[in-house]
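Written below as C-alpha cells is the structure these notes are about.
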Amino acid sequence: MAKRSRGPGRRCLLALVLFCAWGTLAVVAQKPGAGCPSRCLCFRTTVRCMHLLLEAVPAVAPQTSILDLRFNRIREIQPGAFRRLRNLNTLLLNNNQIKRIPSGAFEDLENLKYLYLYKNEIQSIDRQAFKGLASLEQLYLHFNQIETLDPDSFQHLPKLERLFLHNNRITHLVPGTFNHLESMKRLRLDSNTLHCDCEILWLADLLKTYAESGNAQAAAICEYPRRIQGRSVATITPEELNCERPRITSEPQDADVTSGNTVYFTCRAEGNPKPEIIWLRNNNELSMKTDSRLNLLDDGTLMIQNTQETDQGIYQCMAKNVAGEVKTQEVTLRYFGSPARPTFVIQPQNTEVLVGESVTLECSATGHPPPRISWTRGDRTPLPVDPRVNITPSGGLYIQNVVQGDSGEYACSATNNIDSVHATAFIIVQALPQFTVTPQDRVVIEGQTVDFQCEAKGNPPPVIAWTKGGSQLSVDRRHLVLSSGTLRISGVALHDQGQYECQAVNIIGSQKVVAHLTVQPRVTPVFASIPSDTTVEVGANVQLPCSSQGEPEPAITWNKDGVQVTESGKFHISPEGFLTINDVGPADAGRYECVARNTIGSASVSMVLSVNVPDVSRNGDPFVATSIVEAIATVDRAINSTRTHLFDSRPRSPNDLLALFRYPRDPYTVEQARAGEIFERTLQLIQEHVQHGLMVDLNGTSYHYNDLVSPQYLNLIANLSGCTAHRRVNNCSDMCFHQKYRTHDGTCNNLQHPMWGASLTAFERLLKSVYENGFNTPRGINPHRLYNGHALPMPRLVSTTLIGTETVTPDEQFTHMLMQWGQFLDHDLDSTVVALSQARFSDGQHCSNVCSNDPPCFSVMIPPNDSRARSGARCMFFVRSSPVCGSGMTSLLMNSVYPREQINQLTSYIDASNVYGSTEHEARSIRDLASHRGLLRQGIVQRSGKPLLPFATGPPTECMRDENESPIPCFLAGDHRANEQLGLTSMHTLWFREHNRIATELLKLNPHWDGDTIYYETRKIVGAEIQHITYQHWLPKILGEVGMRTLGEYHGYDPGINAGIFNAFATAAFRFGHTLVNPLLYRLDENFQPIAQDHLPLHKAFFSPFRIVNEGGIDPLLRGLFGVAGKMRVPSQLLNTELTERLFSMAHTVALDLAAINIQRGRDHGIPPYHDYRVYCNLSAAHTFEDLKNEIKNPEIREKLKRLYGSTLNIDLFPALVVEDLVPGSRLGPTLMCLLSTQFKRLRDGDRLWYENPGVFSPAQLTQIKQTSLARILCDNADNITRVQSDVFRVAEFPHGYGSCDEIPRVDLRVWQDCCEDCRTRGQFNAFSYHFRGRRSLEFSYQEDKPTKKTRPRKIPSVGRQGEHLSNSTSAFSTRSDASGTNDFREFVLEMQKTITDLRTQIKKLESRLSTTECVDAGGESHANNTKWKKDACTICECKDGQVTCFVEACPPATCAVPVNIPGACCPVCLQKRAEEKP
C-alpha cells in the first residue's frame, strides 16, 4: 500500500518539474526584441509549437534556425509567412491540413535545408512555390493528394538531394519534371497510380541513368496497364508499350510567293502516340500565338496568310513524340517583289564542335535578284582549298573531320547587283585535354622543395587538379598548386612519398598522368677525406684534399683566415672539394678551413699551410733596377699628361668629365695612388723583360708571379716606388680626445685595430678576389678566353640587352627621396680611388683613343650592332682603380706578391664624412677657421637669408664644362662628388646648414666653448642624426621586415667586428640604388606645381650648380624629391636611359653608360661571380639557369642571362643582383638583402662611437637625437619649406598628406648646455683642463707627421698658428717618477706660472688680431673694411668687419640661340640684337 500511495505523488512531482522546465525554456528564448510565440517551447534558436491547434504560421524571431509546426491545423501558407527568417535551417509542417502550396510561400528562406510537408492534404503545387530555396537539400511531400506536377515545380532547387513523392495520386509526369535536380541522391515515386505509357519513357531513361551512375536511388512503380502492374518504371521498354517513333508521310515543297498571297506547307506524320507537329523557320520554332497570319491546320499543314518579305527563309517540319522526333527536308520560301538588297534569312551562329566531328554554319539570304552566297575567314582571307570544306546548296559552310586549326571566325557574304551584306560566326573547336608538359619522377632529400610540372592544352583550356594515390592532397600550406599547374611541395616529409596524379579536366573530358616521389632521409655532412698541415716551396702549386658525404649532398667551401676562397686564376676548387693553390707565395701561408655544409648542418676541418722561401735568385732580379726607373718615368709622364689635359682647359668630353670628377684632390691620396701604380707597373715591366729573354709566353694564368723576383728585391721595389714611404703609423695615445670624438680619417675608432675603417685603406673582402692570373688581371680582359665553356659578354651588351629601359614604373609607396638618401649615404661610406692617368703607361696614348687594355686602360668595348658603333665609336672610356701598395700589406717588409686590392678614399663609418671630409686636410679646407665659432665655410647668401655652399677654387672644374651656360664653379663640400647631380647638391647644402645651425645654437648655450669644441660637438651630433635617420627611417624601407630581422637589434659595440666596407658592397651591391633613379629631377614650387624653368632631365642636372644659383635655389629640388613618387625597381625596368645612354653627355661626344661601367668596375676589382655570393648567402647553388627560378622568376630574364653568359657560373654580380625578384616588403632581392644586411650590421656593431653605444651620448642627449627626422632637417635648413609629410620617404597626397613644420618634433639642444661653476676654462681645447691629457693624436695621427721630440715642454702655441700643438706633459712627469712629491709639486707650480704667462701673451695677440677689421681674400690680398672689389666678371666681394662676403650676379635667360661671352662682361649677350640697336 505504501508503494501504491507514492505513485500519484511522484506523477504530480514529475508534472510540476516538467511545467517548471517548460516555463524556464520559454523564458530562455525571450530575448530583447525576439519574443517566443505563446505556448511554444523556445530554446536558443529552436522554436517548437506542436499540438497547439494553430491555424496560421506564428511570428518568430529572425534568428530562428529550427521551426517545428507539426500536428496543428494550418490549412494554407500565406505568401511572406516566413519573411525575414533567413537563418531558418529546418521547417517542419507535416501533419497539418495544407491543401496547396502557393507561389512565394517560402520567401526569404535562402538557407533552408530541410522542409517537411508530408501527411497534409496538398493537391496542387504552384510552379513558383519553391522559388528562392537555393540551399534546400531534402523535401518531403509524401502522403498527400497530389495528382499533377508542373514540369517547372522543382527547377529552383539546385542542391536538392532527397525528394519524397510516394503515396500520392500522381498518374502522369510531364517530361523534364526532374531535369534540373543535378544533386539528386534519392527519389521516391512509389505508391502512386502511374500510367506507364509511351509518355513515361523519359522517366524510365532517367531512372536507368541513376542506376548506372550509382549516385542516386529512385523508386517508381507502374499501376497501369494491368499487364505490367507492379513493374519498376526503370525496366519498361518502348517495344512492350508499342511506342513508335514518328515517321513523315507527306513532306512540304519549295514555294515562291508575292506580296499579300497565301502559301501552304504540307506536313503529315504517323506514330504512337500521335506525334506533335512543330514548324521551324531558319532553325527557330514558329509561334502561332504571336503572329495571327500563321495557322497550324489539324493535319499539320502550315498556312501563311498575307505573305510579307520577312516570311522568306528556310522552313522545316518536325514531328515529335515521346519515342523520338523526325524532321522533313528543308524547303525554301522565296519572296519576289521589286529589286531589293540582300537580307539574311538565316545568319550563321557561333557553334561548338568536337575535334573529329563535322560542323555546318547555316547561311541563306533573299533579295531581288537572288543573292549569291560566299564564305571567307573572319579577316576576309579566302577559305583554304581543302576537300573537308564545302559550301552546301543552301549556302551553308560544311566542314567535316574538324581539326583544331579550323577554330576561328568565318564570314558569310550575300551579294547581288544592288548591295552585299555580311555576317560572321565563330567555330569553337573543343578538344580533350592534351598534356604539353608531364611530371617526372623525382627523388629528393627530406626538407627540400619539389616541383612537379604539369601543363596541358585543350579547348576550353583545361583545369589542372592534383591527387595523391587517388585521394585529395593534404590541405596545408606545404602543398601548393601554382597557376601554371605545377604542384609545389615545400619542406618535403617522409610521408609525402608516393604516387601523384595530375589530371587535366575540361567540359569535354579529362586526362591523367602519374609521377612518383621518392623521399630520402637527411644526413649531416661527414668528411671522407681531410687535409693535413703542409709545407711547400714558394712558386709551387699545391692541392689540399677535402671531400664529404651527406644528404643533401654537402657543398664544400674553403676559407683562409676567415675570408671565403673563390674560383680564380689563383684558386681552383674541384667538384669533390679539393682546393688547388697556384703559384704559392708567402702571402698564401696561413690557416685554411674546409667547410662542408648542407641543410641539416655543417662540419669543418682546418690545416696550416707553410711556405718555404729559399734564398735563391729569380729570373727577374737582374731587371729590377731598370724596370723601377722606367716605371717611375712612364707613370709620372702619364699622370702629368693627364693633369695638364684636365686642369689646363675646360672638360671637352664625358671622359674628361668623369676623370675630373673622380680625380683625388688630397695630395696624400695622389701620392699613395701613384706609388701603387709604380709598384705594379714595375712588376709588369720585369715580367715583360723575363718573357722576352726566355722567348716563351708567360702571359697565361699558369705564370708564377712569386718566381718573378726575390723577396729582398720585392721589398726594394716597394721602397723605391714610394709604397713604404706612405705607410701610415697611427697614434691613438690621446684617449681624452679619442674616447669622445672621431678622427677625420677614421683611425683610432677601434683601439685594438686602429686602421679598421680608416680612409685610404684597402676595401675588405667577403670572398677572395677573382683575377685571371690570380694577381691583377680582370676577368674578360682577354675576349677570346672561355669561362666554363663560354666567353664573357661585353658589359655594354649586358646593359643594352638586360638593364637599360625607357619605361619607368612609379613606386606607389616611396618617394624619390629614398634614392637620394641612399646616394648621400653611399658618399659617406666609400669612394674608390681611380687611376691618376687617362693615358696608358706604355706609350702615353689616351685610353679613349686606343681602346686597349694596357694599364691603366680597361676600355668598355662597344658591340658591333650597337647604336653607338654605327656612329663610329669603338669603345667607352674606362680606367682601372688604383691599386693599394702591395695590395693591403701591413708589415714593414713586402716579401710576397699579393692579389690586387683597391683603395677606399673615405672612412667606412657612418660619420658624416661627406659633410666634413675624410682627412684632416679636407676638413680644414671647408672649416671657417677665422671666426673661431666652429662653423663651416659658407658661400653666397640667397634671398631667403640662408647661404649656399662655398665655391671651389683652383683650375677649371667639371661644373664649368660649357662656358655658354654659366661661369659658376663647383660647390665645395666634404665629398668631392657633391656636384654630381642637383638633388645630391641640395642634400649637401642641407647638412652644411644643419652643422652651422647647431653650432650657432651650441655657442649661445655655451659661450665659454672655443671654436674647436663647438665644431667637434656639432660634428658628433650631425653624425648621430645621419645614423639615426639611416637605421630607423631609411633601412626598414629598403630591407623590409625580413631584412631588419636579419640585421637584428643593437646590443652594443663589438671590437672584434671590422666595420670596413667590403669591395662587393661598394662595387656592386650598394649600386642597386641606380635602379631607383628617375629620369627626371622634378622641381616644384610652394604649391607643388612645376616651377617656371620646368623639370630637369637627369643628364642636364649633372655638374650644374648654376641652376641652384639662377633657378630658384634648393627648395624646388627638395620638393621634387619628397613630393614625387620614386622609381620602382621592376626586373624588366632597371636603369633608365638617362644613365645608360646620356650619362655626362655633352654635345658631339659619346656619353657614358652607368650599367656597363658598374659591370666593368666589378671585373676590374676582381669581384667573384654571382654564383659564389649565392653560396655565401646560403642560397642553393645554381648549376643551370632553371635553378635560378626561385630568385629570378621571369623566364625571359633567365633566357637573356643564358644567351649572354652561357653558364650560371659566369654571371657578373651587379646585373644578377638587380634582376632578382624583390623579397616582399623590401626593395631588394635575397642575395642583395644578405649583402646589405651584413654590411650595415658591421657598420653599426663595429663602430665604437655609434650613437646608441652607452657613454657616447648622455641618456638625455640620446633621447633628443632620437627625435631626429629628415623632415625636421628639411624644415630647419631649406630656404622656405613650411609643409612636409612626417616621413619624407613615403608618398603623401598634397595637401592632405602634408603637415606644418611646427608639428614635426625637433632636437632640443639645451641638454648640451655645459653646466659648470667656473666656465672660464671649460670647453677650451687649449685650456688647462686639456693640458695634461695632451692633443698629440688629434693633429698627428701618424708618426711621420709628429715634430721632433724636445726634452723640455714646448710653449703653448699661438692660436692663429697652424701646425703647432701642445705636448703631452703626463709623459714628462712619468719619466721622473722617482722624484719626491715636493719636487714634483714645485715643478708643477713653476710650469703652471709659465703657462699662465704664455696664455696672457696669446690673449693679447688675439685681441690685437681681432681689433683689425681688414679682410684677406682667397688670393692672400688684403682689403680695408667696407671696401668692395670684383673677384671676376660675375662676382663682387665686400669686406665687412673682417668677414668677406661675395655676391654672384644671376644671368637672365638668353633671347637668342647662340649667345656670346664678351671679355669683362658677366652674362652672355646676343650680338645680332646689339647690331640692330646701333644707329
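Including glycine, each Cβ sits where the backbone N, Cα and C put it.
Sequence annotations record features per position, and here Swiss-Prot assigns heme b binding site to Asp826, Glu980, His1074.
The feature compositional bias 'Polar residues' is assigned by Swiss-Prot to 1365-1380.
The domain 'LRRNT' annotation in Swiss-Prot covers 27-63.
Here Swiss-Prot flags 192-244 as domain 'LRRCT'. Remark: secondary structure over the domain 'LRRCT' (192-244) totals 25 helix, 11 strand, 17 coil, with classes taken from DSSP.
Per-class residue totals from DSSP over the domain 'Ig-like C2-type 1' (246-332), listed helix then strand then coil: 3 helix, 46 strand, 38 coil. As annotated by Swiss-Prot, domain 'Ig-like C2-type 1' applies to 246-332.
Per Swiss-Prot, the feature domain 'Ig-like C2-type 2' maps to 342-428. Counting residues per DSSP class in helix, strand and coil order gives 3 helix, 47 strand, 37 coil for the domain 'Ig-like C2-type 2' (342-428).
Residues annotated as domain 'Ig-like C2-type 3' in Swiss-Prot: 433-520.
The domain 'Ig-like C2-type 4' annotation in Swiss-Prot covers 521-610 and rests on sequence analysis.
Annotation source Swiss-Prot lists domain 'VWFC' at 1413-1471.
Feature annotation from Swiss-Prot assigns phosphotyrosine to Tyr1176. Around Tyr1176 (phosphotyrosine), the same-chain residues at least 6 positions away in sequence with a Cβ under 8 Å from its Cβ are Thr557, Gln564, Leu766, Leu767, Cys1234.
Per Swiss-Prot, the feature phosphoserine maps to Ser1180; the stated evidence is a large-scale study or a structure entry. Annotation for Ser1180 (phosphoserine): same-chain Cβ neighbours under 8 Å, separated by at least 6 residues, are Arg1174, Asp1187, Asn1190.
Summarising the annotation, Swiss-Prot assigns region 'Required in homotrimerization' to 1315-1411 and lists experimental evidence as the type of evidence.
Annotated repeat 'LRR 6' per Swiss-Prot: 182-204, in sequence order, evidence recorded as sequence analysis.
Positions annotated as repeat 'LRR 8' by Swiss-Prot, on the basis of sequence analysis: 1270-1291. The helix, strand and coil residue counts that DSSP assigns across the repeat 'LRR 8' (1270-1291) are 8 helix, 3 strand, 11 coil.
Its own atom aside, the Cβ of Arg977 (site 'Transition state stabilizer') has 17 Cβ atoms within 10 angstroms in the protein chains shown. Per Swiss-Prot, site 'Transition state stabilizer' is recorded for Arg977, and the stated evidence type is sequence analysis.
Residues 137, 142, 158-173, 175-176, 210, 215-225, 228, 231, 233-238, 241-243, 272-273, 321-323 of the same chain lie 6+ residues outside the repeat 'LRR 6' (182-204) yet bring a C-beta within less than 8 angstroms of a C-beta in it. Note on the repeat 'LRR 8' (1270-1291): residues 811-815, 817-818, 821, 942, 944, 946, 989-991, 993-994, 997, 1025, 1029, 1033-1034, 1037, 1086, 1113-1115, 1118-1119, 1121-1122, 1125, 1297-1301, 1303-1307 of its chain, located 6 or more positions outside it, place their CB under 8 angstroms from a CB of the stretch. Per DSSP, the domain 'Ig-like C2-type 3' (433-520) is made up of 3 helix, 50 strand, 35 coil. Taking the domain 'Ig-like C2-type 3' (433-520) as a whole, pLDDT averages 91 in the prediction. Asp826 (heme b binding site) and Arg977 (site 'Transition state stabilizer') have their C-alpha atoms 11 Å apart, to the nearest angstrom. Other Cβ atoms within 10 Å of the Cβ of His1074 (heme b binding site), summed over all protein chains shown, number 23. Helix, strand and coil residue tallies for the domain 'Ig-like C2-type 4' (521-610), in that order: 3 helix, 50 strand, 37 coil [DSSP]. Taking the Cα atom of each, Arg977 (site 'Transition state stabilizer') and His1074 (heme b binding site) are about 16 angstrom apart. In this record, heme b is bound by Asp826, Glu980, His1074; the longest C-alpha to C-alpha distance in that set is 14 Å. Excluding Asp826, Glu980, His1074, which define the heme b site, the same chain contributes Gly822, Gln823, His827, Arg977, Leu984, Arg1071, Gly1073 within 8 Å (Cβ to the Cβ centroid), listed in sequence order. In the three-state DSSP assignment, the secondary structure recorded for His1074 (heme b binding site) is helix. When Cβ atoms from all protein chains are considered, those within 10 Å of Asp826 (heme b binding site) total 20, not counting its own.
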